[in-house]
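Quick notes on the structure that follows.
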Amino acid sequence: MYIFIRVQREPNMMKMFVSGTSMYNEARKWFGLLSFVVAPVLFLVNAPFGRFTPTNQSSRFLVNGINSWILMELVSPIAFIYTFVTSPLATHAPALPSLSEPQTILAGCYLLHYANRALLSPLRTPSRSKTHIIVPVSGVFFNVINGSLMGSFLSSPHARMYQQSRPRTSFYVGMGLWALGLIGNIWHDEILLNIRRKAKSKGKGKENGAAKGEHYAIPQGGLYSLISYPNYFCEWVEWFGFALAASPIPFELTALNPSTLFASLLDLQTYIRILATPGEQFAPDLSPPWIFFISEVLLMFPRAYRGHQWYHKTFGAAYPQNRKAVIPFLL
């Protein structure tokens, strides 16, 4: 990925700039499409970590859950910092924005999320199941690309000009949603951590509704009264707010014709044209913050759906029947 290519501010500056921009657009295109390919598979195959960890704990392909989680999540802020500072989409080395500028605030929000996700949360987790090696490998791949795209975009001249010319309302609304989502995500994760802490202090078993041999019980409190995965829902709110604050919405809902859209989805030529489209022409208004939000929804929804089924199967009639999977009152 272009994370390893820094624009040269010398005689070959323009040539390297064009190359870096081309690689950025190709990465943006294929990273955006990847989630649409993987999501249907996740409805059929459980990602092998957490409650879906393989039962054969002696397998050589299983690794420490906490250490592997920290490793795969840390690469995202590292890639982000590198590309944000080097600004590979600029033709010259720009000065870093001041602490009060929107780009710096957004960068701080991104790094704060990953400080919690990559370090604070796993280090406070009393226990975590082993995970199949494919999970951290896939996570590193996803996070390197996402962190690189996000840092490159937020440090780009396009992002700076947009923040200077746009109405401030969407930025403030987006930041408010981001803060609510982050708080909600941490709060509901803490409910799950408390279940593990209690299970560890009392020993594994069927006490207090815990599933035998596992650190799981029926979560209570907050949005758990409505959905099985409020931590996922809150994370979607968080990244929707971030995308809203960082860049314009990439499409107009009023411009979408459901019948035309459905017909296009059934036409093989649609997919051939998409695959053949050069990166710089592929959905030019689809920025990395929106790609990340869409990817989060596509990749996390199947796990929430499968996990919701797992809760019902594991706890049976004891599990609240009115809870939806991940979106209150809907899904």
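Even glycines carry a Cβ here, placed using N, Cα and C.
The feature transmembrane segment, as given by TrEMBL for the ranges 170-188, 284-302, sits at 170-188. Range with TrEMBL annotation transmembrane segment, chosen from 94-112, 132-150, is 132-150. Nonlocal intrachain contacts for the transmembrane segment (30-49), taken as residues 6+ away from its ends with a CB within less than 8 angstroms of a stretch CB, comprise 65, 129, 131-132, 134-135, 145-146, 149, 274, 279, 282-283, 286, 291, 294-295, 298-299, 301-303, 305-306. Packing against the transmembrane segment (61-84) from elsewhere in the chain are residues 2-3, 49, 53-54, 107, 110-111, 114-115, 117-119, 122-123, 125, 128-136, 139-140, 143-152, 154-155: each is 6 or more residues past its ends and has a CB under 8 Å from a CB in it.
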